[in-house]
Amino acid sequence: MTNRIRVGITGYGNLGRGVEAAIAQSPDMRLVGVFSRRDPAGVQLLDSEVPVYSIDRTEEFTDEIDVMILCGGSKSDLPEQGPYMAGLFNVVDSYDTHASIPEYYASVDQPARESGHVYLLSSGWDPGLFSINRLMGEAILPEGETYTFWGKGLSQGHSDAVRRVPGVKGGVQYTIPSETAIERVRSGQLPQLETRDKHVRECYVVLEEGADANAVRHAIVSMPAYFADYDTTVHFIDEATLKAEHGAMPHGGFVIRSGKTGQDNDQVMEFSLKLGSNPEFTASVLVAYARAVHRLARLGDIGAKTVFDVAPGLLSPKSPAQLRKELL
Ligand code: NDP
């Protein structure tokens, strides 16, 4: 295929690998290269034909890349890399620190406008597809409540917190939505749910030799901000089980809008995801949005955007005529 969209990846962790795999499933795209802070010789891609470059060389590629997909972490990588890349490329990222999105938007909007690029921030599933469904729910059913449930999913932040407890050798944490709470929401009861009602937390922990299991369990379940506000169960397992059964990164969840219309009729809108791999799915969303960003840029649009600003037809490789015929 000629005129394929030329894509670059910055940062090669779980998400970067997922983007590489998603581009391989997109015949209208071509991966130009991966940019990393590590020594390029030490970064092994899935496709060894794709070159790896030092991140210091990105400026050499402004004419070679149509859209740069940033795959760094939201905590410290994107706040630094986003504003810089906004001055050089059209960009897509997955910035997911919800509370800081307005400031982050401003920090990439100005350089994107000055350099004449489009910057789509906070794509992915939450923020991203879940945000769109929260918006649709509110717009269509103004009298109602929106509920977001996450899981069953492996939470990286909570797993790190478990591993920092003295006496813990290894471990993972799953966030699990409460079935009872979901059923109450689906039934249109509009329940008021506390944090503890919506999710439970389950930890699988490998102890250091000689560690006191009860002390470890207590340290985990009483940890403020992470576990104290939830019903948390701790399971102790051996290292082989941790490796064999807890290596994948599943996730997912539900956005449910429950409302009333007319003469007290219940209306429930529900969107759900069940993901075998969180980073691979998130990456697939980023790649579809890279297509939209390329199109917006070609139409002369500039500045920061979120998923709220992008028409859904722009995500598809199909033409508007094809979409009207096949999917309406
Ligand atoms: P990783 O920790 O796997 O990767 C983050 C960065 O760390 C990479 O870009 C890479 O940069 C560096 N890195 C990766 N592996 C190594 C290594 N072995 N040694 C040294 N450095 C390494 O994070 P994820 O890819 O899992 O997640 C990235 C972000 O995605 C998350 O922080 C989150 O913000 C976002 N996310 C968003 C979602 C959404 O729905 N919006 C959902 C899921 C995730 P470099 O190559 O430059 O060294």
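Glycine residues also receive a Cβ, built from the backbone N, Cα and C atoms like all the rest.
Database features, via TrEMBL:
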- 12-15, 36-38, 71-74, 94-96, 123-127: NADP(+) binding site (BINDING)
- Trp150, Thr175, Arg201, His251, Asn278: substrate binding site (BINDING)
- 124-277: domain 'Meso-diaminopimelate D-dehydrogenase C-terminal' (DOMAIN)
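TrEMBL feature annotations superimposed on the structure.
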residue: Tyr12; record: NADP(+) binding site; DSSP (3 states): coil
residue: Arg38; record: NADP(+) binding site; DSSP (3 states): coil
residue: Tyr95; record: NADP(+) binding site; DSSP (3 states): coil
residue: Gly124; record: NADP(+) binding site; DSSP (3 states): coil
residue: Trp150; record: substrate binding site; DSSP (3 states): strand
residue: Thr175; record: substrate binding site; DSSP (3 states): strand
residue: Arg201; record: substrate binding site; DSSP (3 states): strand
residue: His251; record: substrate binding site; DSSP (3 states): strand
residue: Asn278; record: substrate binding site; DSSP (3 states): helix
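Taking Leu15 (NADP(+) binding site) as the reference point, the binding-site residues whose C-alpha atoms are within 10 Å of its C-alpha, out of Trp150, Arg201, Asn278, are Asn278. Here the binding-site residues are Thr175, Asn278; the one with the fewest Cβ atoms within 10 Å of its Cβ is Thr175. The secondary structure of Gly73 (NADP(+) binding site), as reduced to three states from DSSP, is coil rather than helix or strand. Of all Cβ atoms in the shown protein chains, 12 besides its own fall within 10 Å of the Cβ of Arg38 (NADP(+) binding site). Taking the binding-site residues Gly73, Gly124, Pro127 in turn and counting surrounding C-beta atoms within 10 angstroms, the largest count is reached at Gly124. Taking Trp150, Thr175, His251, Asn278 as the binding-site residues under consideration, the smallest Cα distance to Arg38 (NADP(+) binding site) is found for Asn278. A Cβ distance below 6 Å to any atom of ligand 1 is met by none of the binding-site residues Trp150, Thr175, Arg201. In this record, substrate is bound by Trp150, Thr175, Arg201, His251, Asn278; the longest C-alpha to C-alpha distance in that set is 18 Å. Considering only the binding-site residues Tyr12, Gly73, Tyr95, Gly124, Pro127, the residue whose Cα is spatially closest to the Cα of Asn278 (substrate binding site) is Gly124. Long-range Cβ contacts of Tyr95 (NADP(+) binding site) within its own chain (separation 6+, distance under 8 Å): Ser74, Leu78, Gly82, Ile101, Tyr104, Leu121, Ser122, Pro127. The binding-site residues examined here are Tyr12, Trp150; by Cβ neighbour count within 10 Å, the least packed of them is Trp150.
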